[in-house]
Amino acid sequence: MNALSATNRNFRQAARILGLDSKIEKSLLIPFREIKVECTIPKDDGTLASYVGFRVQHDNARGPMKGGIRYHPEVDPDEVNALAQLMTWKTAVADIPYGGAKGGIGCNPKDLSKSELERLTRVFTQKIHDLIGIHTDVPAPDMGTNAQTMAWILDEYSKFHGHSPAIVTGKPIDLGGSLGREAATGRGVVYATEALLAEHGKSIKDLTFSIQGFGNVGSWAAMLIHEKGGKVVAVSDITGAVKNPNGLDIPALLQHKEKTGRLTDFEGGDAMDSDEVLVHECDVLIPCALGGVLNRENAGNVRAKYIIEAANHPTDPEADEILSKKGVIILPDIYANAGGVTVSYFEWVQNIQGFMWDEEKVNRELKKYMTRAFHNLKNMCQSHDCNLRMGAFTLGVNRVARATLLRGWEA
């Protein structure tokens, strides 16, 4: 099942639980605006190349739309639609004043030089600059884009609108980026895990963790869990996987990956099959990589008691059912990985005020937002007698529906 049909299914179930009117239900599903633009640039060898750029702006009832821009060869409109919609519910769950958006360019960034990427980013910005804005739609980095990409968008946008640091988040610190943004998603995952475990009378230091994906989110989550005394017993990424039943030395593993570019041949652990990480013996499994990794083939073999969805949509709806029957507790992505967009919101606030915070304040505020969102989510679970995923969806959908009605959507 693809991301869009899974997201729609979760939305419809939440709408049913909340007893939403069918007209508003339909209106909430349709994106506010979909933009598709042609971006033609001269390549370094003088030839011209054309790419398709797009932006899906899903909903702006609660505030400006927010979401990443990805540079990826298979940019599938359905997936982007699903991710834009997911951002609408995610920002509502975290209770930050944004709606959802997502976008990107169909290209392979590995095949483009730095100057080609810069030209492409600038042309894309020229084409959409009047459709994004500080109070309209605020992009951020995603797959294949980074702080440098955001710097180019900021510069190009500012040529039209004057210096506007709040137009994008995830910027370099020197251009108004926020301290703590780099670690935010991973740190949010850890705060979310702490909130869930506290509910069950447990803490990170007593448990073992398996982490699938060792990019930005996975490596920060592993690092912070290690610092808090948790045992990370297995880690994988595209280069391979490594395990140690007594707990991996995460700082050493990070150094090893920095040096060699891969996880394999690490002295402090044994190699294992990458797919094995998902079904490894552990208390808490944290998928931090791609969507759809837990499916009907492997869900029955998962040995973790808790799954924290740091990736977007890692659990297929079929796997969801299998896992709930087994009594596995799943902390859903639209809550668990909301740390990134929450600190993006802090960055935007700092830019608008022209007043930057220190890192302690960023982390303290993030913990406050993640903990409060968990309690709101649990209240929804109790009042509607549903699991954590439906608790999160009903919380998010209800907030957006209420804002839509209050604004007078029929007028």
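Cβ from N, Cα, C; glycine included.
Feature list (source: TrEMBL):
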BINDING   Lys66, Lys90, Ser344  substrate binding site
ACT_SITE  Lys102  active site, proton donor
SITE      Asp142  site 'Important for catalysis'
BINDING   Thr185, Asn216  NAD(+) binding site
- Query: Just checking: which of Lys66, Asp142, Thr185, Asn216, Ser344 have a Cα that is within 10 Å of the Cα of Lys102 (active site, proton donor), counting only these recorded positions?
  - Reply: Lys66, Asp142
- Item | Whole-number Å value for how far Ser344 (substrate binding site) lies from Asn216 (NAD(+) binding site) (Cα to Cα) | 15
- Output field, substrate shell: CB within 8 Å of site CB centroid, site Lys66, Lys90, Ser344 dropped: Gly67, Met87, Thr91, Ala94, Ile96, Tyr98, Gly100, Ala140, Ala338, Gly340, Val341, Thr342, Tyr345
- C-alpha of Lys66 (substrate binding site) to C-alpha of Asp142 (site 'Important for catalysis'): distance in Å? 12
- Message: Please identify, from the binding-site residues Thr185, Asn216, Ser344, the residue with the sparsest Cβ neighbourhood, meaning fewest other Cβ atoms within 10 angstroms.
- Response: Asn216
- Item | Count of other CB atoms lying within 10 Å of the CB belonging to Lys90 (substrate binding site) | 28
- Message: Return only the integer: C-alpha distance in Å from Ser344 (substrate binding site) to Thr185 (NAD(+) binding site).
- Response: 10
- Task: Please report the number of other Cβ atoms within 10 Å of the Cβ of Lys66 (substrate binding site).
- Result: 28
- Quick one: pull the CA-CA distance for Asp142 (site 'Important for catalysis') versus Lys90 (substrate binding site), whole Å only. 16
- Query: Counting every protein chain present, what is the number of Cβ atoms, excluding its own, within 10 Å of the Cβ of Asp142 (site 'Important for catalysis')?
  - Reply: 21
- Cα-Cα separation of Thr185 (NAD(+) binding site) and Lys90 (substrate binding site), in Å? 13
- Message: What's the number of neighbouring CB atoms sitting within 10 A of the CB on the residue listed as 'active site, proton donor'?
- Response: 29
- Item | Among Lys66, Lys90, Ser344, the record's substrate binders - longest CA distance, Å | 13
